[in-house]
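A.B. asks: Have a look at the structure that comes next, please.
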Amino acid sequence: MSQVVQTRRLQAVDLIKRKAEGRKIISLTAYHAHTAGIVDAYCDFVLVGDSLGMVMHGMESTLPVTLEMMILQAQAVMRGTSRALVVVDMPFGSYEASREQAFLNAARVLKETGAGAIKLEGGARFAETVAFLTERGVPVMGHIGLTPQSVNTMGGFKVQGHGAGDEDRLRADARAISDAGAFAIVLEGIVEPVARAIATDPAIRAATIGIGATAACDGQILVLEDMLGLSDRVPRFVKSYGSLRAHIEEAVRAYADEVQAGRFPAEGHTYPPR
C-alpha cells in the first residue's frame, strides 16, 4: 500500500465523507511518538486508547488509567503525526458524573494535546452527553458493544449480541449516539450478524468502526501491539501481521551474547583519540 501525500491533518468530518464515498476507514492505536509516526502514513485516524494501561503499564483493565496519562501519551502521538486525525479516549471516571464534567475534561484534552476528537464509551444513556459536547465544539466518537470500562458490570470482557433483544438494544444505542452528533462509533466485540445489521443501518449517519465486529463496518481498528505480535495474549478478532516479539527477543539475545563474549562494543562502536 502506498503512502498518502496530504497537506493538512484529517478532521472528524473527513471520516463522515469517507463513509459517504464508500472508502474504508483505517485506524490503529498508538501511544508513542515513534510508532505514531509509522502508522500516520497509512491511517485515517490514530486512537490514543486507554488500552495503554494494559499495553504499556501491565494493568489488568483500563479502569486505573487517568486523564493525565491520556494527555501525556496523546501529546507524544501528536508530535509523531502530521496527517491522521488523532482521537483520545476519555478514561473511566472523567465523563460519567455529568455533562459538565465531560465537557471540562474533554476541553482540557483537546486544549493540552491538540488532538482532533475524543472517544467515550456507552450507548443511549450517554446521548445527552454526546449532544452537549458536540454542541460546544467537541468532536465525539462513540463506542458500544463490549465496552472495556464496564468490565466489572459485564462480568468480564464478554462478546455482546448473543442475548434476546441485544440487536435492538445495540442498534438503539448506535442510533442514539449518531443522532446526538457523534461522527463515528466503534463497534467492539459484537457477534457478526448483529454488528452487520448496525453497520448497514441507513438511519446511522456516523461512520462505524469495527474491532471484533464485522467487515461491513465503514472502517476497522486494531491495537498496534496486538497485530504486530508483541502482546502475550490477543483476542480472537486479532490477525497477526507480524512477529515483533520474536524479533525483539532475537535481537536482545544476540546483544546479551555479544556483551558476555566481549564482542560488543567493537572498534566501530567506540571513539578513537583525535
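Cβ from N, Cα, C; glycine included.
As annotated in Swiss-Prot:
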ACT_SITE  GLU188  active site, proton acceptor
BINDING   ASP50, ASP89, GLU121  Mg(2+) binding site
BINDING   ASP50, SER51, ASP89, LYS119  3-methyl-2-oxobutanoate binding site
A.B. asks: Round to a whole number and give the Cα-to-Cα distance in Å for the pair GLU121 (Mg(2+) binding site) and GLU188 (active site, proton acceptor).
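C.D. replies: Per the Cα atoms, GLU121 (Mg(2+) binding site) and GLU188 (active site, proton acceptor) stand 11 Å apart.
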A.B. asks: Taking the residues ASP50, SER51, ASP89, LYS119, which the record names as binding 3-methyl-2-oxobutanoate, find the longest CA to CA distance and state it in Å to the nearest whole number.
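C.D. replies: Spelled out: the longest distance between any two Cα atoms in ASP50, SER51, ASP89, LYS119 is 13 Å.
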A.B. asks: Measuring Cα to Cα, how far is LYS119 (3-methyl-2-oxobutanoate binding site) from GLU188 (active site, proton acceptor) in Å?
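C.D. replies: It is 13 Å, counting Cα to Cα.
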A.B. asks: Given a separation of at least six residues and a C-beta threshold under 8 Å, show me what packs close to SER51 (3-methyl-2-oxobutanoate binding site) in the same chain.
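C.D. replies: Within the chain, SER51 (3-methyl-2-oxobutanoate binding site) has Cβ neighbours under 8 Å at THR29, THR62, ASP89, PRO148, VAL223.
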A.B. asks: Can you list, in sequence order, the residues of the same chain other than ASP50, ASP89, GLU121 whose CB lies within 8 Å of the CB centroid of the Mg(2+) site?
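C.D. replies: My list of surrounding residues reads GLY49, SER51, THR62, VAL65, MET90, PRO91, PHE92, LYS119, LEU120, HIS143, PRO148, GLN149.
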